[in-house]
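Trainee: Dumping the structure here so I can ask a few things about it.
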Amino acid sequence: MKQYNDLFKIIHREGYIFIASFALVSFLLASFNEKLGCIGCIATAWCIYFFRNPDRFVPISDDLVISPADGIIQEIKEALPPPELGLGDVEMIRVSIFLNIFNVHVNRIPANGKILALHYNPGKFFNASLDKASIYNERQSVLMETAQGQKIVFVQIAGLIARRIVCDLEEGNEVKTGERYGIIRFGSRVDVYLPLKTALLVSKGQTAIGGETIIADFGRKKTTEFKFDRK
């Protein structure tokens, strides 16, 4: 029984219906045409791969902010946080992580702390790699206070293909770094907003691993002056 439980743990529950549907269609196609059945099996295998839910080795420290998602650090810039969270016109450092369809899409809590507010904002479905996706696309914004008293924001953003954001958090939740909290289906983006004086440990173009890559360290002084693009 444990082996079956382990199997289900490595696949996110949001994928069960898709995998079952793909498998059923593959079976039906195979009964009519062997080649179509093979194509269906490949599609089913890809679906299983997409919804994989691997364990990660999470750095443990109240000072650290880790990547909430797998992907490429697409942009680091000064930007206003989502207005729906009520943080005003104070700019923060925005670290944008782009996920392609081959990345793990399970999202993780970036720091120890408490969830202060959540807000779902319906919107467009522009390509998640575009800067305007942070403003106009469908998104789920989360404001939290870290164990060190810092307020940070992380945002799940739907993309051109992604059409469903899943967030399992509730206001008042006490959370731990690296805990799974949601998923975005089929290509997306996650933005992390940090205070301006935060010492960043990542750079544009770097590959991030959700739950493992350290984005920032509140215990360090900011020693590097980053140049930001204003667009």
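Placement of Cβ uses the backbone N, Cα and C atoms for every residue, glycine included.
Fair warning: this is a prediction, and the values are worked out from it, not measured in the lab.
For reference, Swiss-Prot lists these features for the protein:
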ACT_SITE  Ser188  active site, schiff-base intermediate with substrate
MOD_RES   Ser188  pyruvic acid (Ser)
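If you look at the structure here, what lies around each of the features I listed?
Mentor: Ser188 (active site, schiff-base intermediate with substrate) falls within a strand segment according to DSSP. The Cβ neighbour count for Ser188 (active site, schiff-base intermediate with substrate), using a 10 Å radius over every protein chain in view, is 32.
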